[in-house]
Every structure is written in structure tokens, then in C-alpha cells.
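Below is one structure, written out as C-alpha cells; the observations come after it.
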Amino acid sequence: MAGGGIVNTGGGKDYPGKLTLFVLLTCIVAATGGLIFGYDIGISGGVTSMNPFLEKFFPEVYRKKQEAKTNQYCKYDNQLLQTFTSSLYLAALVASFFAATVTRAVGRKWSMLVGGLTFLVGAALNGAAQNIAMLIVGRILLGVGVGFANQSVPVYLSEMAPARLRGMLNIGFQLMITIGILAAELINYGTNKIKAGYGWRVSLALAAVPAAIITLGSLFLPDTPNSLLERGHPEEARRMLRRIRGTDDIGEEYADLVAASEEARQVRHPWRNILRRRYRAQLTMAVAIPFFQQLTGINVIMFYAPVLFDTLGFKNDASLMSSVITGLVNVFATVVSIVTVDRVGRRKLFLQGGAQMIVCQLIVGTLIAAKFGTSGTGDIAKGYAAVVVVFICAYVAGFAWSWGPLGWLVPSEIFPLEIRPAGQSINVSVNMFFTFCIAQAFLTMLCHFKFGLFYFFAGWVVIMTVFIAFFLPETKNVPIEEMVLVWKSHWFWKRFIADEDVHVGIGNNHPAKNGSDTKGADA
């Protein structure tokens, strides 16, 4: 297929340095910011399928669920129930814009601290909720926490990591998201067995644990050299760069960081600057990738996994157990991405994962159609249900080593320093907005689209896979401050970048060195 990316044999300069224990530990601590996001994704779907929770807050849904001949597609269709889940993502959207200012002004670690503290308060409110209002306010505070963490953590990881290992370390964030999801699903499975009926309170309140981890952890994190330079601390930045690279030979990398910092200081209005023609490629990716990520249909599985399996005819315990299985697949498949992303590259994982998801969604949609048709009534045998779970797991695996981690990695590594916080905020806000839309609309869409919902999302995965094939260049192994060279040598995006916009040196092995412009590499 023509039009893919550039031939990249290592990209730009090969800075000296190794993966030090200091960098590994700081990246692990920072990545725990993903736990709060993952825990919430996993916990909300399980709680909304628990009878005591529905009986207390959503009695109409509870009554509909008890009716023997309820249309399987429509029994959870309730706008207020969907608002419980989706309100968090609207709050995260708004918070991400404030987080950009905090991240740029005082550093990445303090933005993580704000996220952890706010999430902690939200968890307490939700666990103690007596009415819908307390539930929603708690969800909004959780959303503020997620907005701050999702804005700062991927940027922090990309800035701390050596270029050749940036993918592996950045995907630690996604791994923590998947661990958070799995932990939440296991907790839901256990709390659902509490006969006194307060299991949902335990599930919601335990969100305080991941919140406490990132809150305390952020206090011990160092600032990145990029952030120190951006805020006018050159000597501290030099010392930190020596420490994280494990060598005194940092002159070339430090010079590139200083050049990027000086350019960043000239930008007084990053939100206005990001609209300039020279950043058209990065801005397009910061909007398109999170938009497409939410239209993979993954939230159909992750938000509402227990609800979905219950809808497929599983009983309560069985539906929660099935969502635990998908959670385990999610974690292990993310590890596959960590191992392969810096070897095979971002594009190949995007394209392979997309193809796998398309096939699985078409099969799952067909299997559900065969059992429930358009009426939504019918029973599902254990063996048949197991086949559905297998293909759902295969779909989750495809997402977990492609669009899941890469949806956070690629936008966090492509922006120059002067607009990086603003760019990451756009990435987070677009992600949260469409997460909100899907969370708010999914149960209604399931009621009206029926099994066709899986075909709907499969169609979107076709579109996004073609988009990646044509418009995303390979970014593996490219130093973060030299990423402009990748866009400058891309067959399509080079038209938006003038020669005077390139302010970094070009390594001998970079295709931009000799003006090569190979289309379709890796495609």
C-alpha cells in the first residue's frame, strides 16, 4: 500500500546513554497514574450490573432487569444510569485544559499530585453516596483527577525515556490502566458476593487505593530535564539529564533540549501557536488518534463488560467472571506491546491490531445476531457463550497491543516542547469527549442498533486502519526533540513544513539527510 511512512533506521541522532535503574523506577512510579483511570473503567461497569446498586439508585432499571421477557438489547437503556458512567469523562475533558497550564508552569509531577488528590476525594464521596447527586459529584471529581493524570503522565514518560526505549516505558502507562481494570473486575467479582448488599460501596471506595499510590508517588518523582529547562533551571536540567542517561556524555542531547527550550520560551500563546501550519500534522494526529481510539468499540467491552455479558444471557456471577477473563487478556496483550513496540514499530502494531479487531467484531456481531436476531429475546447455551467470549478476548488482545497503548504513546511523543502540554491536552480532551459520547450513548445504541452495533464499530476500525496506513509515519527510535524530521520527510506532511521550521541537526542515518522520501514503508 502506498503512502505509509518513511524508512527509519534509527532516526536522527543516536544519543549516548542507557536505561538506568533511576529512570526505570521513576517511570514505573509515574505510570501508576494509569491505575486510577483503569480502575474506574473497570469498576463502573461492574457496579452498574449489581442489583443492590440498581435497586438503590436506579429502581426503574432494576425492575426492567427482573422482567423475564425483557428485550436483551434494551434492559439497561437508561440515560441517568449512563450519566453516572459518562459524567467522569466530561469532567476529565474540562480538567485537561487546566492541567496543561499547571503542567507547563510548575512541572509534570505536580499535575500528577493534583490528579491523585482529587481522585481520592471523589472515591470517598462515591463510597459514601446516599443519593444520585453525591454519586455524580463524586464522579466529576474522579474525572478531574483522570484529566490531570492523563495529561501529565504520558508526557512525563516520553520525556524521561531514552529514545530507543521510549515506546516500552511509555506503554507502562497503558499497562497500569489494564492492571487497574483487572483489579477492579476482580474486586467487583468479590464484592458482588457480599450478601448484605453493600458490595458496590466497597468497589467504589477502593478507588482510593490507586489514588493514594499516585499521590504519594508523585511527591518523590524528579522533574524531567525538558520541564526544568522550560521553567528556567538549566543547571538542574543538565544534572538531571546526566543522572537519567547514566553518562556525562550528554552534550549533544542537552544542546537539542536547550534549542527546544529557547524556542518554547518565545511561544507566549501555545494554544494559538498549535494552529500554525507547521504543526498541522501533529494537531491532526492529536485529534484523529484519540477520536478513532474511542470508535474502536473497546468501551463497549471495558465500560460495560459485565452488563454486556449479562445482556448476552450470562447470569450475574458468570458475567462478572467473563469480564475478569477479558481483563486478564488485556493485561497480557499489553505486555506484548511493551516487548514489541520499539522493535517492530508503531505502524505495524496499529495495522495488525486493526485487522484483528475488524475480523473479531464481525464474528461477534454475527454470533449475537444468530441467537437474538432483531427481537432481542432468546437464550444462549454455555458452549455458544464460550465462543463469543473467545472472539471478544481476541478483539481485546488486538486493541491491547495496538490502539490501546499507541493511542497514548504516539500523541505524547510527536509534539515539540513549546506546544507539548497544549498538544497533550487536546489529545486527552478529544479522548475524554468521545469517551463521554460513547459512554452516554452506548446502552441506547445497543437497544436500537442491536447486533449491528458491532458492525458499526468494525466499519470505523476499517477507516482508522486505512488512515494509519497512509498518514502516520514511523516514530520509533526518534529522539523526541527531533520528531520534526519525521514529518518533514513524510510524503504528505512535508508540504506543511518549511525548511526554516527545522531547527535541529540531522543524523547521518535519517532519511531527511539526503532528502529521501520513501512512500509506503512498513505498509
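Just so you know, glycine gets a Cβ as well, placed from its N, Cα and C.
Taken from TrEMBL, the feature transmembrane segment covers 21-39, 86-103, 110-129, 135-157, 169-190, 202-221, 283-307, 319-341, 353-372, 384-404, 425-446, 452-472. As annotated by TrEMBL, domain 'Major facilitator superfamily (MFS) profile' applies to 26-476.
Sequence-distant neighbours of the transmembrane segment (86-103) (same chain, 6+ residues past either end, Cβ-Cβ under 8 Å): 40, 44, 110-111, 114-115, 136, 139-148, 150-152, 155, 270, 421-422, 424-425, 428-429, 432-433, 435-437, 439-440. Among the stretches 202-221, 319-341, 384-404, 425-446, the one making the largest number of Cβ pairs under 8 Å with the transmembrane segment (169-190) is 319-341. Taking residue pairs at least 6 apart in sequence, the transmembrane segment (353-372) and the transmembrane segment (202-221) share fewer than three C-beta contacts under 8 angstroms.
With a cut-off of 8 Å between Cβ atoms, the residues of this chain six or more beyond the transmembrane segment (384-404) that come close are 174, 177-178, 292-293, 296, 298, 301, 309, 312-314, 322, 325-326, 329-334, 336-337, 340, 349-350, 352-357, 360-361, 363-364, 367-368, 371, 464.
Counting only same-chain residues 6+ beyond the ends of the transmembrane segment (135-157), those with a CB under 8 A from a CB of the stretch are 27, 30-31, 33-34, 36-37, 40, 57, 83-85, 87-96, 98-100, 102-103, 108-109, 111-112, 114-126, 129, 166, 169-170, 172-173, 204, 207, 211, 214, 221, 224, 408-409, 411-412, 420-421, 424-425, 428, 431-432.
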